[in-house]
Amino acid sequence: MKKDIHPKYFSEAEIKCACGASRKTGSTKEKTEVEICSNCHPFYTGKGKFIDTAGRVEKFRARQAKKKK
């Protein structure tokens, strides 16, 4: 390997989330801030909400029912 061309590697780099959670991992950046993580993401927490805008699901189901007839 060539010398002085590779970035410095931090084996104990810290990743901080906006929710306050913090993790250690390996990275070329010593500190990283993220907006969302597995502690606060709705997919992982199960607190996600399904929003049906303008009855699109019902419209889709009606079209499917018409095709079956």
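A Cβ is built for glycine as well, from the same backbone N, Cα and C atoms used for every other residue.
According to TrEMBL, the features are:
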BINDING   CYS17, CYS19, CYS37, CYS40  Zn(2+) binding site
- [ ] Return one of helix, strand or coil for CYS37 (Zn(2+) binding site), based on DSSP.
- [x] coil
Task: Additional residues around Zn(2+), ordered along the sequence, whose Cβ is within 8 Å of the centroid of CYS17, CYS19, CYS37, CYS40 - done: ALA18, GLY20, ALA21, VAL34, GLU35, ILE36, SER38, ASN39, HIS41
Task: List of residues, in chain order, with Cβ under 8 A from that of CYS37 (Zn(2+) binding site) and at least 6 apart - done: ILE15, CYS17, CYS19, ALA21, ARG23
- [ ] Would you mind checking how many other C-beta atoms are within 10 angstroms of the C-beta on CYS19 (Zn(2+) binding site)?
- [x] 13
Task: Cβ-Cβ neighbours of CYS40 (Zn(2+) binding site) (radius 10 Å) - done: 15
Task: CB contacts for CYS17 (Zn(2+) binding site) [other CB atoms within 10 A, all chains] - done: 18
